[in-house]
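What follows is one structure encoded as structure tokens, with my remarks underneath.
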């Protein structure tokens, strides 16, 4: 978009004597002192601060953050604590990617007041779109601190004008120039334009000595149908790179040296990596030149290294020998810090969501360690050191070290096992396709945990070249940045609500959850796919939501009645699906909720909150709800956990849950201001998922658990009744499902178990206390009988095979025999076939083993017969499969057993013998 220059004209620039200029190198406009000639940003200039820092102070990353806080606190900004790096309050992204993300969507949309205005925050952020560049450009991080000072002007809940462009630029100038002592002639404010999330506005990029230190965004437009409209509220959205401020004030060769300090030397020493004066010179030069270009591909990296080698008069191979191990050290430290935050904030590595992204970072760190021939377990030591370094500023992370280390140990073990298993998968795919595409590499990584570099090495051993994109991990991360959209299947109801402009339904059940009978007025009736849906002005029927199934009941009026079969809420409008007569619009209806069903659902829902907290206390506070469903018979709770839940842990969870029931704790349900609720209870409020709105309904089990929840709940835990865990399963890597029942449903499950036990005892004619011993004895006897049967089957198969040479068909000089078998072990068959063809040089013996609609084939050829491998290739075509082997023995399989007959086998032998 072409921006009006007046958007950037400020009285402050005139006050300090800055002028608007056009950079002769890039053609972009910037504001700077009269003597400035270029915009001061790479690639128009090189980094000139490396080895020559322009600031009057020298700050590490923690000191830079403190100075940032103190400066803005003195300028009347309220300091906020950091938000988690996992964006629990949002359903569109997994990770916190910017400081403004902490206030989206509720504050920026105007729905919720800002927690402070103006405010300042030093927010740890994670972006993985440049993960492949971490370590080698000198400036890229997976986790970085974004210092943000934000002002929400004319906000619906705070109509003040806080400050806008003039004050924003003044504050940035004073912090950078006056506070940090960077000469004014070195700073430039480069004009730019920002767009994102449907909003847009002009912005300044703040640049010193080639390095962009901050971005000052003025969110003042919304994008509507390709047009820009003024927003009623205008938001100051700034992002200061705290790591970059540390780098520019220290002048270190790379940002990693500025951020990690002594950890770089300690880690390098442990890994046998030498960082001497030559190495630091090379690394500094690499960072300078990397700033002049986008290093996105392997060819870019080669260009970078060649340019630096020429400048330093070095052989490029020598440069790589010195620099690459240090780049690996930088990457390992960066990834360790990122993991300390991810795991410390409760992420459980898995194959989905934020857990997938954590696993991606872990496995890239392990690949870097592999590249240095280091023990993978060394990652644990690096993370331990990083946690100690973080302890002063983020003590909460160090407190979770036990979980962090345990999760990493699990992941290291999984990765090692995945590599062993994965090699077979790579070779299998190469046999099938003869190549590995990018999509193959992604699937091998996603489904089997095989890094693309390993897949390439295996393929090269098989003589197949594979191209691995240099930004592989970045591209994979982008695929998993946001949650997958779930199809709700309620589009037609949503269309009706919008087109009919239906008013929101009064949710009366929140006023009295015990009330089951009520009167209401019919707002409208609608037919959707043959079903009748009724909208009332008010309802006590709970609509499906939060994993809780909908209420059912009846609806009666003067001339008819109907059963309520389903209830759904769309855009605040509650639709009731009915079976029976259809009431007219405007009619008064008498409704009754099925009380028994409601009570069962209510008990199971409150029990879910109890079980979740019990799981957190037994397994650790990294446990997070990944899903839940509450029906009348049982409930299920999916929780994140890096290990399988043991029998002992499951029993302790059940014991704790029932202890809470017996304590009869009050269950408080109230609507609260979102900001107040978050301040009081933290983001664990959102265990059950994101809840929209300025006000959220908070369900608190006193002294036990607090969640934002819209479901129906008991008034005290005693109302739940007994809780019985009935099962557990691993539904995906990193997610455990706990199945349980509460109240009458729990008793029913206990009775079912007792009935099963009694019936079993009657069949076996034993008392319950003797059942385990009796079953064990029967099982041992069964195993012994099974062994005898298997031995007899093997003897029968061998006898059938050994009789084959005498029963075969003569084809010229050869004896051709097809033996058909069912459900036998291939290994024993192959051994017998191999023995027989050694004894009979003119024998062709083929065993077809049929099982579950497919078949496996063993081919044996005597010394004078056609080669077994060639026979197998032809047979593979008949059975719609494949296989291979050598001249004497071959094996294969296919999905069409009927394709191989003795006549077809004879034809194949004749063709090969004749050829």
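Backbone N, Cα and C define each Cβ position, glycine as well.
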Correct range for region 'Disordered' (source Swiss-Prot, candidates 862-881, 882-901): 882-901
Position of peak Cβ density within 10 Å, selected from the binding-site residues 605, 609, 713: 609
Spatial neighbours, same chain, of residue 709 (Zn(2+) binding site) - Cβ under 8 Å, 6+ residues apart: 546, 605, 609, 688, 691, 697, 698, 699
Neighbours of 605, 609, 709, 713 excl. site residues, C-beta within 8 Å of centre, Zn(2+): 606, 608, 667, 688, 699, 707, 711, 712
